[in-house]
Amino acid sequence: MKTSMDFRSVRLAAGLVLLLSAVLSLGSLLPQQGVFSVSPFVVTIVGKYLSYAFLALAIDLVWGFAGILTLGHAAFFALGGYAMGMYLTREIGARGVYGNAHLPDFMVFLSWSDLPWYWMGSEHFAVSVLLVLLVPGALAALFGWLAFRSRVSGVYLSIITQALTFALMLAFFQNGLGFGGNNGLTDFKDVLGFDLHQARTRAALLALTGVFLAGSLMLARWVVSGRFGRLLVAVRDAESRTRFMGYRPDHAKLLVWILSAMIAAVGGAFYVLQVGIINPGEFTPGNSIEAVIWVAVGGRGTLSGAVLGAVLVNFGKTLFTAWMPEFWLYGLGFLFIATTLFLPCGLVGLVGSMGGRAGRNARTDPTPELVEPGRDEE
Amino acid sequence: MSEDWLLDLSHVSVTFDGFRAINDLTLRLRPGEMRAIVGPNGAGKTTMMDIVTGKTRPDCGSVRFRGQELTRFDEPTIARLGIGRKFQKPTVFEALSVHDNLLLALRGTRSPLRMLFLRETPDEGERIAGLLGRIGLTARERLLAGALSHGQKQWLEIGMLLAQDPRLLLVDEPVAGMTDAETMQTADLLRDINTSHSVIVVEHDMDFVRALGVDVTVLHEGSVLTEGTLDRVSADPRVIDVYLGR
Ligand SMILES: Nc1ncnc2c1ncn2[C@@H]1O[C@H](COP(=O)(O)OP(=O)(O)OP(=O)(O)O)[C@@H](O)[C@H]1O
Ligand SMILES: [Mg+2]
């Protein structure tokens, strides 16, 4: 269909994600020093990039398709991370520094005698997986319901999303909140009985991240390529017009917003599993803004561009920070400006326009063109 | 017998920052009727439509549609009751194809959650094909709406109104920017639409209003100056005064 409705690249991106994660995780199981062997460092770092890609995908879903420029999405990512981190903390059991089987170290340190009620159930993996989805989902539902219903949009919405993540950051820094204060949750030992420090566990986690990311890409594609996706674009471009057709744009936005928060949260969960720590720093407003830049660089409104941008920019960050760390922020700023000026459709748009019609962006293309005859995708 | 009116505005007033845009307006439409509304710039024609569709809440007065008071409802509710609107400045969804614009307008579910699972049915495809034929855009079905000419956008918007299949269509300046031939085609289209829908048309183009061949209401400074056939109305010295006085 039409360009912002042209998602052929999404399937390709999903395939590449699967391939990359499979090859690297298999390679990490080969004897080290071999030609094709992959070092544990690479497995961890790629796992981190792919986890961030969930966040980028989630942002593209709301920004690219519903026009909601969120600058606080890392909050949902971090909440998903904390939910998984709670489970991993409970898995430590008596192996902590204080050897307390019932209380995490930081609670012993605070001389708490009981687990707070909201830690109940966190020792069960299944409950934690539900919490990974439900806590950020519920927060998104509440926030979105309030914001969209009172028709907060544009810059004002961006600002309150920043406020949301900032407020959460301050709250999570408090020791009294019961999430480990500024140290956060860390020193995890195993997940479902598998040792987190073993190459096989880490390989499996990377492969799973790939599978879930590819699945999220296909889910997002399904969401935006159907009739609901067309409604989102209509709301993005002429919100009030949809109201006169009987639609409630606030409901449409709320639905995609909640879904997006959950996708970000899954990324946070995979992040914690592989990076091994979650702390309030993940709520830093700057993190959310950085994630928006990944999407802009990759190509807003393309889904695949979000994943590409997240991986490439973070890869660049790894190289850059090893080389001259103090200049990374300038580099990022430059990248954002350059993208905005020279690559309004991002890298995917660039590849598309070199490859012909596939990536041509209709919104900026004034020449009338007949789009390929053929029905809706799917 | 107020139940006999399809639309019944009585003693409606709206003030914007002390300026009375609609002043004790009373306007009634019978079921199945088409009415043309004329009046100089700023007479309150668009504001009248804003009130009926829930965009603007009147300070006082009542607006009844099939006996039901509309002033307490918001835009989506009023749209779902069966009032459709074409805007003065054509507004179509430019990043969507002509086909998809009509698909979204088609009468049917408005629940985002259900739309997530909906795929286009053959019946809907046929309805869209029928509409495309009526508005003369069959060959442009897959074109992005943003690539249409101004006149084609006007038609697409009328097509979207038809897709919505409302009982009452409010059509604000449908022929602005059209050639004479297109204007006459649009008049034919509206007359055709009127065989199954009630219509209120606002238009400055007198040839177009004449071609519609329906009763005319003249609005001036937010209230009705006079009503009747075009010939009678245009002979009215007050109307001449209002138009020449500008
Ligand atoms: N939201 C608003 N706020 C302030 N003033 C308004 C608003 N809407 C309309 N007006 C004023 O009300 C008056 C009536 O405007 P309206 O658009 O209804 O006129 P109209 O008859 O449709 O004119 P035209 O033929 O130019 O379209 C104008 O003076 C306009 O400036
Ligand atoms: Mg007007």
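Using N, Cα and C of the backbone, Cβ positions are placed for all residues, glycine too.
Note that this is a predicted model, so its numbers are computed, not measured.
Here's what TrEMBL has on this protein:
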TRANSMEM  A:61-85  transmembrane segment
TRANSMEM  A:125-148  transmembrane segment
TRANSMEM  A:155-173  transmembrane segment
TRANSMEM  A:203-224  transmembrane segment
TRANSMEM  A:254-273  transmembrane segment
TRANSMEM  A:293-315  transmembrane segment
TRANSMEM  A:327-351  transmembrane segment
REGION    A:359-378  region 'Disordered'
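Residues 75-76, 79-80, 83-84, 86-87, 157, 160, 164, 191-192, 249-250, 253-254, 257-258, 260-262, 264-266, 268-269 of the same chain lie 6 or more positions beyond the ends of the transmembrane segment (A:125-148) yet place their CB under 8 Å from a CB of it. Against the transmembrane segment (A:254-273), the recorded stretches A:61-85, A:155-173, A:203-224, A:293-315 differ in Cβ pairs under 8 Å, and the greatest number is found for A:61-85. Stretch with the largest number of CB pairs closer than 8 A to the transmembrane segment (A:203-224), among A:61-85, A:155-173, A:293-315, A:327-351: A:293-315. Residues of the same chain lying 6 or more positions beyond the ends of the transmembrane segment (A:155-173) and with a Cβ under 8 Å from any Cβ of it are 68-75, 78-79, 82, 143, 147, 179, 181-182, 184, 279-281, 283-285, 287-288. Sequence-distant contacts of the transmembrane segment (A:327-351) (same chain, six or more residues past either end, CB-CB distance under 8 Å): 9, 290, 293, 295-300, 302, 304-305, 308-309, 312-313, 316-317, 320-321, 359, 361, 364.
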